[in-house]
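The structure is given below, and queries will be raised subsequently.
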Amino acid sequence: MAHGFEAEIPLAFTEEVKAKTDHLYPLVEKFVPRLEWELNAPIIARINDLKAEKNAVILAHNYMTPDIFFAVGDFRGDSLALAREAAETDAQMIIQAGVHFMAETSKILAPEKTVLIPSLEAGCSLASSITGADVRLLKERYPGIPVVTYVNTTADVKAETDICCTSSNAVQVVEHICAEWGTDSVILIPDQYLAKNVAAMTDKKVITWAGSCEVHEQFTPEDIREMRAGNPGVIVLAHPECPPDVLAEADFAGSTAAMSGYVKDNQPKHVVLITECSMSDNVAAENPNVNFVRPCNLCPHMKRITLEGILRCLETGEHEVTVDEDIRIKALAAVQRMIDLPKLGSVSNFAVGKTGDVVAVEHR
Ligand code: 13P
Ligand code: SF4
């Protein structure tokens, strides 16, 4: 295995490694063959030792592969839960097992901590769709209208924003900021589909941006109809980054945490999660009586995070994520306003069977 730093890794599956890792295997055994596990276990053991030595925690997003999610992740969840955890943890170092905007959000909330990301290439098509300068132009075009920014954006964009939201709280945030500003319009950027799905749930006029998630935009209503035809009785759960005509065909829509909560609470016989592939594996591991139909799309950015990369982070201190202090202070105000809203738990904000529309989709 070419890690480039083999000398420091006890590559053999020794008795010591076995003793340190065997209790973790049952959580991933459905997805990781034993042979592969024995190759990875030395890395997992080393990561867990180094976390203790360096007072580090790993924040693992729901889209991480099961070996990362269960064997080395300390906190697991959707982007809102991970942001809350970054603000609250006592650890001195945060390893973000997720994409770059999530690491930036951690740094914005925890500037005194060292935040590392295993791959600088773990981006996001939504985050790269818009810049701070684009938001400044939007504000000139629509004066007096509050700007709500999805957390899937860079710190520069958050710094131009009145309040952030995630897919866990987007409708709540829009209602809150419109009431505070006394407006009936809102700018909700950069995900045009999330914005349309929010518009279905509110009477506010929504102006959005022509961004989209390269993973969720690929799902179509025909995909869902074919899944239902091939799997009678299947329950369809969809992420609100999917286009509205896809949500209209689903039984339930919500953030990654809300979908996971739905499966846990309802224990459907057959379910399909219209979202990133690893999510089904992670939810399946904790719900052994539920059968998962598994058409899904991989997020290439999330998949850049690997066990080897996480170990390299801990060994070398690469790649540290920093945010310019002026930008951080402004972005913090927007993120903190969101964090301070009451917790909704793993409930859905979104309607199914109903499509909404926005009043404008702006672009550069
Ligand atoms: P959640 O906030 O639902 O975890 O989604 C983050 C994300 O990137 C989905 O594609
Ligand atoms: Fe971004 Fe989509 Fe990947 Fe989530 S799944 S990180 S929104 S590209």
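Please read every residue number as a count from 1 along the shown chain.
Including glycine, each Cβ sits where the backbone N, Cα and C put it.
According to TrEMBL, the record shows the following:
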- His61, Ser79, Tyr150, Val151, Asn152, Ser167, His239, Pro240, Glu241, Thr256: iminosuccinate binding site (BINDING)
- Cys124, Cys213, Cys299: [4Fe-4S] cluster binding site (BINDING)
Under 8 Å between C-beta atoms and at least six apart in sequence, can you list the same-chain neighbours of Glu241 (iminosuccinate binding site), or say none if there are none?
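Residues satisfying the criterion: Leu126, Ser167, Asp191, Tyr193, Leu194, Ser212, Cys213, Val215, His216, Glu217.
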Among His61, Ser79, Tyr150, Val151, Asn152, Ser167, His239, Pro240, Glu241, Thr256, the annotated iminosuccinate contacts, find the widest CA pair distance and round it to a whole Å.
17
Which are the residues of the chain, Cys124, Cys213, Cys299 excluded, whose CB is within 8 A of where the CB atoms of the [4Fe-4S] cluster site average out, their centroid?
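Other same-chain residues with Cβ inside the cutoff are Val99, Ser125, Leu126, Asn152, Glu214, Val215, His216, Glu241, Glu276, His301, Met302.
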How big is the gap, in Å, between the Cα of Tyr150 (iminosuccinate binding site) and that of Cys124 ([4Fe-4S] cluster binding site), rounded to a whole number?
12
Just checking: which of His61, Asn152, His239 have a Cα that is within 10 Å of the Cα of Cys124 ([4Fe-4S] cluster binding site), counting only these binding-site residues?
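So the list is Asn152.
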Residues with Cβ closer than 8 Å to the Cβ of His61 (iminosuccinate binding site), same chain and 6+ apart in sequence?
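Non-local contacts for His61 (iminosuccinate binding site): Arg76, Gly77, Asp78, Ser79, Leu82, Ala97, Gly98, Val99, Met102, Thr256, Met302.
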Quick one: Cα separation, Asn152 (iminosuccinate binding site) versus Cys299 ([4Fe-4S] cluster binding site), in Å?
14
Where the criterion is a Cβ under 6 Å from an atom of ligand 2, which of the binding-site residues His61, Tyr150, His239, Cys299 meet it?
Cys299
Do you know offhand how many angstrom separate Cys299 ([4Fe-4S] cluster binding site) and His239 (iminosuccinate binding site) by C-alpha?
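Cα to Cα, Cys299 ([4Fe-4S] cluster binding site) and His239 (iminosuccinate binding site) are separated by 14 Å.
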Inside 10 Å of the Cβ of Tyr150 (iminosuccinate binding site), count up the other Cβ atoms and send me the figure.
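Other Cβ atoms within 10 Å of Tyr150 (iminosuccinate binding site): 31.
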Looking only at Cβ atoms, how many others are within 10 Å of the one on Asn152 (iminosuccinate binding site)?
27
